[in-house]
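Colleague: Quick one: this structure, given as structure tokens, is what I'll be asking you about.
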Amino acid sequence: MRHAGRLFRQQQQQGVTEPDKEREPLLVKQIEEDDGNVINVVVGQSTLPQTIFNSVNVLIGVGLLALPLALKYSGWVIGLIFFVFAAVSTQYTAKLLAKCLDVDNSLITFADLAYVSFGPKARVATSILFSLELIATCVALVVLFADSLDALIPGLGLTEWKILCGVLLIPLAFMPLRLLSFTSILGIMSCFGIVADGFIKPHTPGSLREPAQTYLFPKNWNTLPISFGLLMSPWGGHSVFPNIYRDMRHPYKYRRGVNVTYAFTAMLDLFMAVVGLLMFGDGVRDAITSNIFLTDGYPKWLSIVIVVCVAIIPLTKIPLNARPIVSTIEILMGLDSRAVSASTSLHGLSGWSRGLLMATIRIVITIVFVVFAILVPEFDRIMSLLGSVACFSICIILPLAFHLKLFGGEISRLERAGNWALIVISTVLAVVSTVFNFFPKEALGIEE
């Protein structure tokens, strides 16, 4: 705990000396503990409604566009059972994070919990896992942008649309974060646009008035493991929940906020999954929006509204997701003014040279996203890997591991056994889903 407090004080001193102009500064006050030790603690600013809004904004992402395909791969029975499992288990672990943070007031981030639970190596490993999650998310967003616009405006080609996406992203990479933060409303608008299309069209495919044929159990059982990753992908918000908790004006309301957030998010996700599968059945594509663009019989203006919303989401989400990666690289290279290391030769550079290098890093990272999107062009495969590798680990396995490490001797035997059972089940599902994602679709009998 003393190490965690020392680490927090170092971070605050660096932030006070050279604040990050792109973020709202945290309010910090000093308190004296019983042993006379003075530490800095964060003073929360967000009300309960603001916390719920921020949490929903984190959870509502492009993962919901792949949920109809996930339900097709799993069938109604297994898919809905696993959907409930994913929602309930991640809601439980979101509350555990707050319990673990209450161990010490100096803990702020998910990585801090890894540090106090398992040491500095766990902090590094968690940071690497976060970076991989962010990279995969950005690549999926580039693929979504290209797939959506290519379906609406055919002729240019997927690769060309991805390159165009990269060109548009370069100036956006330099915009303040506050101008990019409120994009979940666009995803919600897309969902309601899709539902409106379903009621307008009288006949299948793509109609809610004449639903497509669906199946209680998987038509192809080889696709079931892939569905686990897809169904987990919308729940990847745990890396941000500790920060949201620390920024609450009344932390004791956090659990109520989690309940409201998950109730709303689960209803929206389930609504999207059920509506999408009923509309297109076996013909559902990796992103439900692609079906809308490729199916005749919908109002042209409504399809344009949907594609505009879907196109804006990647253009705003990618710079947001890329910023932690950019900051990490800048600190490692000694370019960030808050970097602790004074040994690097880059500190001798002029301000102009330092700025040029920082700009180059942002441009190169954007190019890397586009290259990966060209090399891995399947939106559903990326989202399934994101769910199976990152979401299972960050949203279920690691929070449970922190809880067992910090409270293993205090909790009941039943709760301890339940935590271990969740870890084992999640690990098995994550490994199986990850392995199946590396099989070619032809080998699994999946039709393009």
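Glycine residues also receive a Cβ, built from the backbone N, Cα and C atoms like all the rest.
So TrEMBL says this about it:
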DOMAIN    45-436  domain 'Amino acid transporter transmembrane'
REGION    1-22  region 'Disordered'
TRANSMEM  52-70  transmembrane segment
TRANSMEM  76-94  transmembrane segment
TRANSMEM  124-146  transmembrane segment
TRANSMEM  152-172  transmembrane segment
TRANSMEM  179-200  transmembrane segment
TRANSMEM  220-241  transmembrane segment
TRANSMEM  262-281  transmembrane segment
TRANSMEM  301-320  transmembrane segment
TRANSMEM  356-376  transmembrane segment
TRANSMEM  382-407  transmembrane segment
TRANSMEM  419-439  transmembrane segment
Colleague: Between the transmembrane segment (152-172) and the transmembrane segment (124-146), are there three or more CB pairs that fall under 8 A, provided the residues in each pair are separated by 6 or more in sequence?
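Modeller: In contact, yes.
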Colleague: Establish whether the number of Cβ pairs under 8 Å between the transmembrane segment (301-320) and the transmembrane segment (152-172) reaches at least three, counting only pairs separated by 6 or more residues.
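Modeller: Yes, the stretches contact each other.
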Colleague: Is the transmembrane segment (356-376) close to the transmembrane segment (152-172), in the sense of at least 3 CB pairs under 8 angstroms with a sequence gap of 6 or more?
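Modeller: Yes; at least 3 Cβ pairs under 8 Å.
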